[in-house]
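Q: This is the structure I want to talk about, given as structure tokens.
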Amino acid sequence: MNAKFILLLLVVTTTTLLPDAKGAEIIRCSGTRECYAPCQKLTGCLNAKCMNKACKCYGCV
């Protein structure tokens, strides 16, 4: 019983700490305009925003 709980806790902790694949490439920015060109190269769309000095690229709708 105790071993199963520890294993479950380990799995949950590991999955929450792993970075997602989409955010693996970090593009630094100081304004949203700096994100348009790099995000267009990655996703093919201009949908982007600068948040916490890193670009957040959104896909095409």
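Just so you know, glycine gets a Cβ as well, placed from its N, Cα and C.
Swiss-Prot feature annotations, pasted as is:
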DISULFID  Cys29-Cys50  disulfide bond
DISULFID  Cys35-Cys55  disulfide bond
DISULFID  Cys39-Cys57  disulfide bond
DISULFID  Cys45-Cys60  disulfide bond
SIGNAL    1-23  signal peptide
SITE      Lys49  site 'Basic residue of the functional dyad'
SITE      Tyr58  site 'Aromatic residue of the functional dyad'
Q: Do you know offhand how many angstrom separate Cys35 (disulfide bond) and Lys49 (site 'Basic residue of the functional dyad') by C-alpha?
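A: That separation, Cα to Cα, works out to 6 Å.
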Q: Check the Cα distances from Cys55 (disulfide bond) to each of the disulfide-bonded residues Cys29, Cys39, Cys45 and keep only the ones within 10 Å.
A: Cys29, Cys39
Q: Rounded to the nearest Å, what's the C-alpha distance separating Cys60 (disulfide bond) and Cys39 (disulfide bond)? Just drop the number here, would you?
A: 11
Q: Quick check: of the recorded positions listed here (Cys45, Lys49, Tyr58), which one has the Cα closest to that of Cys29 (disulfide bond)?
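A: Answer for the nearest of the recorded positions: Lys49.
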Q: Which one is it: of the disulfide-bonded residues Cys29, Cys45, Cys50, Cys55, Cys60, which Cβ has the fewest other Cβ atoms within 10 Å in this structure?
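A: Candidates: the disulfide-bonded residues Cys29, Cys45, Cys50, Cys55, Cys60. Fewest Cβ atoms within 10 Å: Cys60.
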Q: What Cα-Cα separation, expressed in whole Å, is found between Tyr58 (site 'Aromatic residue of the functional dyad') and Cys45 (disulfide bond)?
A: 8
Q: 10 Å Cβ neighbour count around Cys35 (disulfide bond)?
A: 22
Q: With DSSP assignments reduced to helix, strand and coil, which class does Cys55 (disulfide bond) get?
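A: It is in a strand.
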